[in-house]
Amino acid sequence: TEGPDFYIPMVNTTGVVRSPYEYPQYYLVNPAAFAVLGAYMFFLIIIGFPINFLTLYVTLEHKKLRTPLNYILLNLAVADLFMVIGGFTTTMYSSMHGYFVLGRLGCNIEGFFATLGGMISLWSLAVLAIERWVVVCKPISNFRFGENHAIMGVSLTWVMALACTVPPLVGWSRYIPEGMQCACGIDYYTRAEGYNNESFVIYMFTFHFLFPMFIIFFCYGRLLCAVKEAAAAQQESETTQRAEREVTRMVILMVIGYLVCWLPYASVAWFIFTHKGSEFGPLFMAVPSFFAKSSSIYNPIIYICMNKQFRQCMITTLFCGKNPFEGQEEDSSTKTEASSASSVSPA
C-alpha cells in the first residue's frame, strides 16, 4: 500500500493499513517482534557506542596512534558512532511505540544520519583497501603513504557519502519508513512522481556499492597475491609463513565482514527495486537491515582490535596505564618485525 510519504508492504484489502507516522503498525507483525527489534537496537548501542568511543579516546590519548593509516581507522569509528547515535537510538525509540513517532522530519534526519554513517564506513573500507594495496604491493615505486594522503582519503569518504545521502533530502529520491516502519531508508519501493527513484537507486548501487566493492576485492586480491609471493621467495622462513597466515586470516575476515553486513541488505533492496508490485512481508527488509546495522560492531573488531598497536594501547588504557599481557605481546614482536620487513604487515 503506497501513501503520500510511505509504503506499507501489505495490501490494504481489510482497511487496516495506517500511516507509520501516526499509528502503531502491530497489524504488520506480532507486537513481540517490535520488542525484539528494540532489544537488538539496545544491544548494538551498548556494544557499538563504547567500543567506537574507546577507539576515539585511545587515539587521542596515545600520540603514537596518530599515524596516517589510523586516520582512516579513526574515520571508521566516527562513521559507526553516526550510525549508533543518529540511527540506532531513534529506531529503538520508535520500536518501543510500534511506529515511527518522530514524523516526516524525523524520518529524514534518521535516514540521513544512518545512511551517512554506513556510506562513510563503506568508503573508508575502500580507502583502507587502496592504502594496503599501495603500501604492500608497491604499484608505485618509492611511494610513501603520508598524512596528506590520509587526509585526502578521509575527505574522499565524506564527499562520496554526502553525494549519496544529500540528494534524497533535496528531491532526488527520498527517505521513507521501511521494514517494520520503525527505521527509515532510501525509497526502493515506489515510483513516486517527482522523485526519480529509479535513476537514484541505479546511481547509488553503481557508484556507492558495486564500485567500492570492486575496489575492496581488487586491492585485497592483489594483497593476498603479494603475501604469497613473499612467502614463496622465503620458503624456509617460518616467520614469513606466519605473516602470510595472519594477513590471509585478516583479509578473509575483512571480506566476510563486508559481505555479511551489506550484501543481504543490498540484494533485498535491489530485488524490491526490480520487482515492484511483488508481495513481500515487513521482515523481508527488516532482517537484512539487522545485518547492515551490525557493521558498527564488526568494523572496530576486525579493523582495530586485530591491529597490534591499537590493541596494546587499548589494553594500557583499560588497565590504567599497565599492560598485563605485555609478555605475550613481546613474544610476538619477532613475527611483527619480520612481517614489516617483508612488507606484508596487516596492521
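Note: Cβ is positioned from N, Cα and C throughout, glycine not excepted.
Taken from Swiss-Prot, the feature compositional bias 'Low complexity' applies to 335-347.
According to DSSP, C107 (disulfide bond) is assigned to a helical segment. Sequence-distant contacts (6 or more apart, same chain, Cβ under 8 Å) of C107 (disulfide bond) comprise Y21, F100, Y175, I176, P177, C184. Among the features that Swiss-Prot reports, disulfide bond is placed at C107-C184, with the record citing sequence analysis.
The 10 Å shell around the Cβ of N12 (N-linked glycosylation site) contains 12 further Cβ atoms across the protein chains shown. Among the features that Swiss-Prot reports, N-linked glycosylation site is placed at N12 (among others), with the record citing sequence analysis.
Residues or ranges marked as N-linked glycosylation site in Swiss-Prot (evidence: sequence analysis): N197 (among others). The secondary structure of N197 (N-linked glycosylation site), as reduced to three states from DSSP, is helical.
Residues annotated as S-palmitoyl cysteine in Swiss-Prot: C320. Counted within 10 Å of its Cβ, the other Cβ atoms near C320 (S-palmitoyl cysteine) come to 6, all protein chains included.
Per Swiss-Prot, N6-(retinylidene)lysine is recorded for K293. Look at K293 (N6-(retinylidene)lysine): DSSP puts it in a helix. The Cβ of K293 (N6-(retinylidene)lysine) has M41, L44, M83, G87, F88, A114 as same-chain neighbours under 8 Å, each 6 or more residues away in sequence.
The region 'Disordered' annotation in Swiss-Prot covers 326-347.
Residues annotated as topological domain 'Extracellular' in Swiss-Prot, with a curator's inference given as evidence: 1-33 (among others). Mapped onto DSSP helix, strand and coil, the topological domain 'Extracellular' (1-33) counts 3 helix, 2 strand, 28 coil.
According to Swiss-Prot, the topological domain 'Cytoplasmic' annotation covers 59-70 (among others). Residues 128, 131, 145-147, 149-150, 309-310, 313, 316-317 of the same chain, all 6+ positions outside the topological domain 'Cytoplasmic' (59-70), place their C-beta atoms under 8 angstroms from a C-beta of that stretch.
Marked as topological domain 'Extracellular' by Swiss-Prot: 94-107 (among others).
Among the features that Swiss-Prot reports, topological domain 'Cytoplasmic' is placed at 131-149 (among others), with the record citing a curator's inference.
Same-chain neighbours of the topological domain 'Extracellular' (171-199): 2, 5-9, 20-21, 25, 28-29, 33-34, 37, 87, 90-91, 94-95, 98-100, 107-108, 110-112, 114-115, 269-270, 272-273, 276, 282-283, 285-286, 289, counting only residues six or more beyond its ends whose CB sits under 8 Å from a CB of the stretch. What Swiss-Prot records for 171-199 (among others) is topological domain 'Extracellular'.
Residues or ranges marked as topological domain 'Cytoplasmic' by Swiss-Prot: 222-249 (among others).
Within its own chain, the topological domain 'Extracellular' (272-283) has Cβ neighbours under 8 Å at 9-11, 25, 28-29, 33, 179-181, 188-191, 198, 201, counting only residues six or more beyond its boundaries. Taken from Swiss-Prot, the feature topological domain 'Extracellular' covers 272-283 (among others).
Annotation comment: Swiss-Prot describes 306-347 (among others) as topological domain 'Cytoplasmic'.
With respect to their backbone Cα atoms, N197 (N-linked glycosylation site) and N12 (N-linked glycosylation site) stand 23 Å from each other. Taken as a whole, the topological domain 'Cytoplasmic' (222-249) shows an average pLDDT of 66 in this prediction. Remote same-chain partners of the topological domain 'Extracellular' (94-107), defined as residues 6 or more beyond its termini with a Cβ less than 8 Å from a stretch Cβ, comprise 5, 20-26, 31, 34-35, 37-38, 41, 175-177, 180-184. Listed as Cβ neighbours of the topological domain 'Extracellular' (1-33) (distance under 8 Å, sequence separation of 6 or more from its ends, same chain) are residues 97-101, 103-104, 107, 174, 176-178, 180-182, 187, 189-190, 192, 279-285.
Of the recorded residues, N12 (N-linked glycosylation site) and C320 (S-palmitoyl cysteine) place their C-alpha atoms 59 Å from one another.
When secondary structure is read from DSSP and collapsed to three states, C184 (disulfide bond) falls in the strand class. Put plainly, the recorded positions C184, N197 were compared by Cβ crowding within 10 Å, and the winner is C184.
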